Amino acid sequence: MASVLDPLVGSCITKLQDIIAEKAVLILDVKEELEKMQGTMRQIRCFLDDAEQRRIKESAVNNWLSELRDAMYDAVDIVDSARFEGSKLLKDRKSSSSKNSTAGCGISLLSCFPVIQRRHEIAVKIRDLNDRVEQLSKHGNSFLHPGVGPTGQGSTSKGRENSNLVQPKLVGKEIMHSSKKLVDLVLAGKEQKDYRLAIVGTGGVGKTTLAQKIYNEQKIKPVFEKQAWVCVSQECNEVNLLKEILRNIGVYQDQGETIAELQRKIAKTIEGKSFFLVLDDVWKSSVIDLIEAPIYAAASSVILVTTRDDRIAMDIHAAHTHRVNLLSEEVGWELLWKSMNIDEEKEVQNLRNTGIQIIKKCGYLPLAIKVIARVLTSKDQTENEWKKILSKISAWSELHDDIEGALYLSYNELPHHLKQCFLYCALYPEDSTIKRDDLVMLWVAEGFIEEQEGQLLEETGEEYYYELIHRNLLQPDGSTFDHTNCKMHDLLRQLACYLSRDECFTGDPESLEGQSMTKLRRISAVTKKDMLVFPTMDKEHLKVRTLLRKFYGVSQGVDHSLFKKLLLLRVLDLTGSSIQTIPDCIANLIHLRLLDLNGTEISCLPEVMGSLINLQILNLQRCDALHNLPSSITQLCNLRRLGLEDTPINQVPEGIGRLTFLNDLEGFPIGGGSDIGKTQDGWKLEELGHLLQLRRLHMIKLERASPPTTDSLLVDKKYLKLLSLNCTKHPVESYSEGDVGNIEKIFEQLIPPHNLEDLIIADFFGRRFPTWLGTTHLVSVKHLILIDCNSCVHLPPLWQLPNLKYLRIDGAAAVTKIGPEFVGCRGDNPRSTVAAAFPKLETLVIEDMPNWEEWSFVEEGDAAAASMEGEEDGSAEIRKGEAPSPRVQVLPRLKWLRLDGCPKLRALPRQLGQEATCLEELGLRGASSLKVVEDLPFLSEALICGCDGLERVSNLPVLRELYAQDCPHLRCVDGLGNLQQLWLDDDMQEVSKLWVPGLQQIRGEDLDVYTW
């Protein structure tokens, strides 16, 4: 607890320092009291390290820390109150002075009484708190010792680049053997009507890892028509479980559906189909009873369950139970040193004996070993340092049998600021997905992020997030670019819940009736009831700072009384609730930093919203009934994020440029010049000019804009990382020449800054892309998406972007040819400035290109020239059947290439195999004019679907897996000397007889042929 208190006390000291000199506080005449409080807090901070060492064994220390925590929370709240009341008094004074100068008279005595009363109330609160803090300081001084060496001051990795986000391939043999065995059982089980198997083992031993490997196995994916993965957990409810199955199999769920209705939907979707379902972390066998009836509709079903309890496996009548055992000593040691990013064992061979003892203390659990490895990485690699770690694990394990000592130590070794961020994750229900951006917003609203010079709080928060991943305390789920989604292992969540048990609660708030809530600060509401309500008690006893309901899938009403009860709220998340109106009493929530109304039924916001001067984050995405914003929204002087995506806003107030702290604008609607009084149908581009802290900008309705008066509207925004430029999808009629010229001019002037990393352009209807898109101006762009830019005849020369890693082109109907200009191989391109085209591109996706016919890296003239040069030096590339090399190296790091919906494309570039030397995976769908796929010497996996004209696949020497579907003219497949798996759909059984025997003759038993 002390470790969490240190940043809280430090934050109080900083806040006091900041407000002491503010005019809004000076007017209250409490400067001396605040300075006194600040000094006392500095004294208290000196005792916290000693308290941290002694709190586990000494209840008196724990009690002192609990009282201190309450006092610090009250101090933070009083700072808010002082600033709020002072601002009101300052505003009233200015208003009175203005009126008096006009009326020529003095202030009435009667009008002074409220002012005096407010000053007095604030002063009394500060004085009383000062007395409490003073007593705590004296008490701490009587039994605690200042100046003990600090703990938990571990270093923080700087940003995601230095964090080892890619997990090393560790301890593969055992899991590979188990996986192969279970995959075979799953495939064999498909032939039965109902087959069940279970993976059993203690927490943290690797059950989920094994199940994930099976679920993602390439052999299994094509076999089952429907697949679903559901994390069950202790806290999972029936409705959510059924909804998650439906989401996995691609079915929309309506709000308020009953269990029976959801079961019928599942049955209808999987009827007559093969279905593979993984239920991860099952605690009750009744889960199977819930899904038994709908699953019976499937032609065949295989259910794989992971659980800690052997009885679950028996209760569900598992045909096979696989036990995941603890690691052996040797394997555990290998996992430890490899998890420390050590290349060879000899580097730590002298520490092996101590390392083995550490592994034993970790209970031979992979999770505990990986987590403690990150702690060891931050220490000197000496016997003494490792023995210190060993003794600390032992000390905690002796006191808490139910919490793994290694896990606690990994928490204890965190820097102070990361400890509170880690504990906050306990509010996320077990097995839930944690989204980076949501989590960082919550941290910012709670005041957990320390200010760094030259950095926005959100940037620092992202560094915290990646540091927790780096330390294996959060695990990325691999589903998103840049690990923006993660999960917390249930053992680590158990630790976080234990350490934050006094102030965090997850469950139904109404169940707290009759219990003391004076200590409770954060609630994650999980309830099956139709209405979210709080127990009846005096509002003075409710000190809740955070209320979250985003994790519950059922839409609920919200009792308006909570706006009157929870007056200390800083975070209010009502995501997905059925609340329709926000009451005026929200104005009393003066501490509120985050208000999330995402997906609610609200139709308007009250004007009193403008009084929430501390509000930093306002999320209004997907509010279908909300069409206008109150004029007072421009008074939210501390607002950092405004989310409007997918909300039909058509009336906004002027003056958004006054919100100078805004750094995240999502769904920014551009106005068409229709003004009604002080409101307008959207904002003007020029209003972005004053928003210098913008970090993410998502603009819509750009076709309504007038060209800005300057080209530097975005160029000077040094924090801008993500830019999304969107026009509205036009109905059937075409745009006029004037509209086309206007949109081209607007995009030309929206020049991004050099620091931009993510760029999205959607529904652009100009005939040429802006010139800045094809230059080295965008030196930092890593992720680029072009969607439905259907009027542009040529793609921009993106080959010059030096850091581009991901490129997706989705919809470019006017493009018929992609030539050398796209990869910088035209004769008029400078050859000396760039060594490679697309030097860092790893993923290239091209979709929905209905008229694209030709793709080449070199001009025909260049090919002829290369032929002549070859004759002179004797190489004669052309005569040898090899493609001429382009003038620069093309796509040297490309790993994944996907072409989807390109029916007229006749051939892949001849040089693709020579240039893209890292190309591992190729996906072709709907390329019906393509006749040949050949000469790709590095390709290891290919998926080819719906390529009607394909006749030959050849010379793919290292290809391991080939998936072929709906390719009726594929009569020749050869030169696949390393092929291990061949997948064919039913329609290809006949034509494949022409070449499968030849492959089998070469590969023998090493080739497995499956029906897809």
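The backbone N, Cα and C atoms fix where each Cβ goes, and this holds for glycine too.
Lifted from TrEMBL, the feature list:
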COMPBIAS  153-162  compositional bias 'Polar residues'
DOMAIN    9-91  domain 'Disease resistance N-terminal'
DOMAIN    190-339  domain 'NB-ARC'
DOMAIN    427-496  domain 'Disease resistance protein winged helix'
DOMAIN    562-847  domain 'Disease resistance R13L4/SHOC-2-like LRR'
REGION    140-162  region 'Disordered'
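The DSSP breakdown of the domain 'Disease resistance N-terminal' (9-91) into helical (H, G, I), extended (E, B) and coil residues amounts to 71 helix, 0 strand, 12 coil. The residues of the domain 'Disease resistance protein winged helix' (427-496), classed with DSSP into helix (H, G, I), strand (E, B) and coil, number 36 helix, 7 strand, 27 coil.
Mean model confidence of the domain 'NB-ARC' (190-339) amounts to 88 (pLDDT, 0 to 100 scale). Here the domain 'NB-ARC' (190-339) is broken down by DSSP into helix, strand and coil counts: 59 helix, 36 strand, 55 coil.
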